[in-house]
Amino acid sequence: LLSQFDPDNTGYISTEKFRSLLQRHGSELDPHKLEVLLALADSNSEGRICYQDFVNLMSNKRSNSFRQAILQGNRRLCSKALLEETGLSLSQRLIRHVAYETLPREIDRKWYYDSYTCCPPPWFMITITIVAFFLYNGVVLDRFILQVSHPLYLKNALLYHPQLRAQAWRYLTYIFMHAGIEHLGLNVVLQLLVGVPLEMVHGAARISFVYVAGVVAGSLAVSVADMRAPVVGSSGGVYALVSAHLANIVMNWSGMKCQFKLLRMAVALICMSFEFGRAVWLRFHPSAYPPCPHPSFMAHLGGVMVGITLGVIILRNYEQRLQDQTLWWIFLSIYIVFVLFAIFWNIFAYSLLDLKLPPPP
C-alpha cells in the first residue's frame, strides 16, 4: 500500500500522505494498531514516516526508531482506554488485567493486549514451582517439606553447604529445599502471583534470567558475607522478581493503573519483611545440628540487589532490545564483577582466613 506514495523507493513517505492512507484503509486495520499508527504520525516531527516502521507494526515487531517516535510524541490516542472496553471474554479480561498490573504506558498495554497469544504459556515459573517445590520433595524425598530439624535436612545433594562449596551445582539447586512450610508457602505464593504475570508480559527468557541471577547472587552473597552458614530456599530468585516489580511500580507510579496498587505494595512488603525477619531469627536461633548453624538470610538481600538493578532494567523496557540500553550494560558488568569476585573469594578466602567451618554433613 505504501509503494504508491513512495515512487522513488526512498523508504519514507510524508506524514500527510501517511494520514490519507490511514483514512482510506483504516477500517481494515485492528483498532489498536490504527491508534498506534496515528500516534506515530502525530509524533513525527520530521514530516515523514519510515516504511520499515509500518512493517514492524503490522508484523508485531517494534524497532527502536518506532519506539522513540512514540515516546517523543503526544500519543493522542483516538479512542477509549483499554480498561473501559466492554464485552470481553474471561481470557481477554485476564490479559487486560495482566497488562494493567505490569505495564505503565497505555500504548504498551494495548500493544500487549493485541499481540499476546499465550503461545508459549508462562511455562518457566510454573515448571520451576512444580519441579522445585513439589516434585522433588514429594517424590524423591517422600515428603513435601523438610524442616531444619529433620535428619535429612543436611544429608542431601541439593542445599548449599560451605564445606561442599566446590560442588558448583549447589549454588543453584539449594532452591529445591525449604526450611519449613512457612518458607515454602510464601515463596510459592509470591512466585506464582508475581512471576507468572511478569512472564506473560516479558517472556520466559527475561524472567528466567532475573530469577536465576537472583538465585546465584543469593548463594554467592552467603559464601562471601555469611561464610559458615548453609542456604536453602528460592528466596533469592523470588525476591529478585518481586523487588524488580515493586521498584518498577514506584518508578512509574503515575502510569501504573493497577487497582489498589498502594495496598498491594504494602501487603507485598509486609510479607517479604515477615519472611525475611523469620529468616534472620532462624539464623541466630540455636541449631538442631551444632556446630552447623541454621540457613543464612543473605540470599534474600542478594536477590533484592539483583531485582533493583538488572531486574528493573528488564521490566522497564517492554519488548525493547536490552543491548541498546546503557544502564543494562553497566548493571550487567557490575553483576559479572561480583560473580567473579565471589568465585575467587570462595577459592582463596576460606583458607587465607583460616575459618573454622562446620563439618560436612
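A Cβ is built for glycine as well, from the same backbone N, Cα and C atoms used for every other residue.
No curator has checked TrEMBL annotations; they are predicted automatically.
For Ser235, the entry in TrEMBL reads active site, nucleophile. According to TrEMBL, the feature active site maps to His300. Residues or ranges marked as domain 'EF-hand' in TrEMBL: 1-28. According to TrEMBL, the feature transmembrane segment maps to 123-146, 207-225, 231-250, 262-284, 296-315, 327-353.
Neighbours of His300 (active site), defined as other CB atoms within 10 A of its CB across all chains, total 25. Counting Cβ pairs under 8 Å to the transmembrane segment (207-225), the stretch among 231-250, 262-284, 327-353 with the most such contacts is 231-250. Mean pLDDT of the predicted structure over the domain 'EF-hand' (1-28): 68.
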